[in-house]
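As given in TrEMBL:
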- B:12-37: transmembrane segment (TRANSMEM)
- B:65-83: transmembrane segment (TRANSMEM)
- B:95-111: transmembrane segment (TRANSMEM)
- B:117-140: transmembrane segment (TRANSMEM)
- B:149-171: transmembrane segment (TRANSMEM)
- B:202-220: transmembrane segment (TRANSMEM)
- B:249-267: transmembrane segment (TRANSMEM)
- B:273-293: transmembrane segment (TRANSMEM)
- B:300-316: transmembrane segment (TRANSMEM)
- B:328-347: transmembrane segment (TRANSMEM)
Amino acid sequence: MKLTKLLATAALALGMATTAMADKTKVGFVYVGPVGDGGWTYEHDQGRKAVVEAFGDKVETVYVESVPEGPDAERVMTQMALNGADLIFATSFGYMDAVQNVAKKFPKVKFEHATGYKTAPNVSVYSARFYEGRAVQGTIAGRMTKSNIIGYIASFPIPEVIRGINSAYIHAKKVNPDVEFKIVWVYTWFDPAKEADAAKTLIEQGADVILQHTDSTAPQAAAQKAGNVITFGQASDMAEYAPLPRVSSIIDNWGPYYVRRTKAVMDGTWESVSTWDGIREGMVKIGEISSAVPGDVKAEAEALRDAIAAGEYHPFTGPLNKQDGTPWLKEGEVADDGTLLGMNFYVEGIEGEIPQ
Amino acid sequence: MIALEKRPQPSQVWSVATPVIAVLATMVFGGILFAVLGKNPVEAIRTIFWEPLFGEHSFYYRPQLLVKGAPLVLIAIGLSLGFRAGIWNIGAEGQYIMGAIVGAGVGLAFYPMEAWFIFPLMVIAGALGGWVWAMIPAVLKVRFGTNEILVSLMLVYVAEQLLASMSLGLLKNPEGYGFPGSRNLQQYPSAHNADLIEGSGMHWGVVAAMIAVIFAYVLLNRHMRGFHIRLAGEAPRAARFAGVSPPRLILFCMGLSGALAGLAGLFEVSGPSGQISIDFNVGYGFTAIIVAFLGRLHPFGILLAGLLMALTYIGGDIAQSQMGLPAAAIQVFQGMLLFFLLAFDLLTNYRIRIGKAGVA
Amino acid sequence: MDLSAINPVLLLASLMVAATPILLAAIGELVVERAGVLNLGVEGMMIVGAITGFAISVETGSPWLGFLAAAAGGAVLALLFALLTQVALANQVASGLALTLFGLGLSSLMGQSYVGIKPPHFAEIDIPLFSDIPVLGPILFAQDPILYLGLALVAGTWAVLKYTRAGLILRAVGENHDAAHALGYKVVRIRVLAILFGGACAGLGGAYISLVRVPQWTEGMTAGAGWIALALVVFASWKPWRVLIGAWLFGGITVLQLNLQAAGVAIPVEYLAMSPYLVTILVLVILSADKSSAPASLGRTFHAST
């Protein structure tokens, strides 16, 4: 109790000191991986750079990379708050409870937690509707495949990943009823060698489209080597593999959100919100569809993208059944966010089981 | 011609002086590294070593030193006993994980019941989990003569896979929207290993680490078992004549180090960390091996070494966020510190003779 | 489930690629351990090799120079280990762990400007005629040169250890360093050379990941391959040909489980992922009947006292 007060007073004093001193807004970023991972953390750091670019001298950003989830994250965030951070972005799901703990001690500091679900008066959560991008990918994949086998490199069996598989499958199936998904779980977000092996395996088993939910470019390289296989960039654009094998990508585009939230802190208008943005808000970006994609397919994919962006179309629109054949969504019915957030089932047509 | 001559007795003076020299050497070379990276070296060194201890916010960092150092010390004490006897358990990371899984599992089995006996049961379960995991290499060594270094190392990977499986399956939080990871024990009062005095960083794990230090000191200096341990390491043949039973010594040392590692895991999962998750383990089990050697396998040395390691972690994070130093630079800096500490230890046990060729 | 989707020929061919990095690192470590030294820093040397090889081949445009530099990079890091353990007589277990920590940090510092770059392509050697042989052709005769180098190293190590005087001396040093010293062999010098060889091999293994198998540079990309290499040496009970079999088995289990998954077989992934380690333990137990397998002086510090 005493220490909590002490911490709060210290933070308050410091917060006032910094505002009085330079009128600079201090923004802290906590990263789960190294900024050089070329994927998840790299894109968050791009978001940080966007903040620097947008506000120049009026903002000071600090970051700590490769922070393990748990007590280390809690300490790093506390340290940032003590040193006068006004706003802290915690960019991994596993930081969720640590954010809650630190936020309680520093009511004046604003926290933004990526991909979590626990909010507080000074904690917002934000995430991106990557499944919207998966819908576009599925459409291109379904049209482009000749073997009708699409390989999917999945990381861990969690809702985020399952949602992506379902969305890609629904839209591939829509344009190509013969399509079949081969799903491989690699149990890692990042292990280039294993991802390369997974891609190779899928290609050897006849897949000519590889979708990945892991962060390295290893599958791209494997596809390039095999030839006649297309891939999609994940997390970052991976444009170095365009126009083939990489025909498009889903880009995590955190910059606009980070700029917006920093601005809100500067203006004193920051409020706790739960943000789940997609293509429309620009948090999910579809990377340039390359020249390897025929014009009509490209147009179809872009039309889908635009329909999603305009809010005219939701990737999970009925009629849809679950894998076991039980009805899920009626004709025209749209999935609610709650179900999507906790999605733990395949839709009808996907073979195999979700590992448990 | 430079020659080394073994001292009849380790030098008291040098055993105190070498760590200091090593830290100074690290500051010099680390400073050069930071300067090459374009950072003010003096500022960086000051941030790493001074800031957590005496800086503006040291009221917060000092308790954090205990939180970060306790598991390292607890594990390293257990390991050091075996190391002294020539028994190499390098799989503490796995035993740490197993202690956490079993301990947390017992706690979660009672959820949401509140009762005083839950936490003590978890402590026992945690120790047992680590103990069992360490008994595998121990029994295999006693029964078949299998190399314990390698078996215990292999079991680390098995434990890591079990951890992933538990976070995604059996122990997954049923109210966690399908995300991996168990319930947070911090929010389950009967299972929470909270600070004994809030904000002091003193949780049961810190207490256990301190008890372990004293226990190990007494054991080694005042107890027959401790004498046997030292004898087995220094003069194996003499030990056999003195009636030391190697199998019993192996089972004792491996079991004890496993139980302590398991305890460290349990205290971590029920306290600072709070939950079982895929990335729950952060390498304490491996770092503790280094801590054991930095502390010269001496209980009080280990205590200091554990706190020194904790200091470089905490100071390193501060240097990252305040000075923009990359995490990799901190890692290299830590590596240097270890190299120098290991290298200069030579002076404790050996005398350097210059100019007398042919003698050695 | 559709097991017919698995093509055994392709499976074997990609198994060999998956096995090469750990094979290279393990054969180096085998020589080190045969000389009586336990270097747990394989992971650190591999990743330093991975970045040195990557950086040099990007700068020069030549993968060959890259591999050469990777071997040198691994050896330089190994030299540090040699200085610590052979000259300063520091504990080998602790020094090796410190080496890994240092190597991981150093590699990411070195690699900061190489993220997201594609390395020059390293062409496979298609041995004419032979590569057209059905089944055996794609497995044995259409791989890249480093893979063949790995096989050659295994054969070479085996021959040197078994038939040459140098091999005999190396083994003598590993079995009983005091006796070897009494016979007038330079224990320290031999061990330093073995450690350098081990470092060079680990460096090559790392570069194989960053230049051929993946190919790209990302921090921490070896992702534990060095530790598997350590397991492999034990699995092989310090015999070169068994290292080859072990590497194929380890690589094979990974590739096979991915293949089974893709073919729609529901397998518990975590449990299959632990199986190589459990198998290694089992092998250790079986081998322990043969008391002579581990070098007797393994991990012990040598100081020539008069």
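Cβ from N, Cα, C; glycine included.
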Inset, instruction - Run the contact check on the transmembrane segment (B:273-293) against the transmembrane segment (B:12-37): 3 or more C-beta pairs under 8 Å, excluding pairs closer than 6 in sequence. - result: no
Legend entry - Recorded stretches the transmembrane segment (B:202-220) and the transmembrane segment (B:300-316) touching, at least 3 CB pairs under 8 Å: yes
Legend entry - Two-stretch contact, the transmembrane segment (B:12-37) and the transmembrane segment (B:328-347), at least three Cβ pairs under 8 Å: yes
Inset, instruction - Mind checking which residues of the chain, 6+ beyond the ends of the transmembrane segment (B:95-111), have their Cβ under 8 Å from one of its Cβ atoms? - result: 71, 75, 89, 118-119, 121-123, 125-134, 156, 159-160, 162-163, 166, 170-171, 182-183, 185, 188, 190-191, 257-258, 261-266, 268-270, 275-276, 280-281, 284-285
Inset, instruction - Please figure out which one of B:65-83, B:117-140, B:149-171, B:300-316, B:328-347 racks up the most CB pairs under 8 Å against the transmembrane segment (B:249-267). - result: B:117-140
Legend entry - Whether the transmembrane segment (B:300-316) meets the transmembrane segment (B:65-83): three or more C-beta pairs under 8 angstroms: yes
Inset, instruction - Would you confirm whether the transmembrane segment (B:149-171) and the transmembrane segment (B:117-140) meet the contact rule of 3 or more C-beta pairs below 8 angstroms, pairs 6 or more apart in sequence? - result: yes
Legend entry - Same-chain residue ranges lying at least 6 outside the transmembrane segment (B:117-140) that approach it to Cβ under 8 Å: 89, 91, 94-96, 98-107, 110, 146, 148, 151-152, 155, 159, 190-193, 204, 250-251, 254-255, 257-263, 265-267, 270
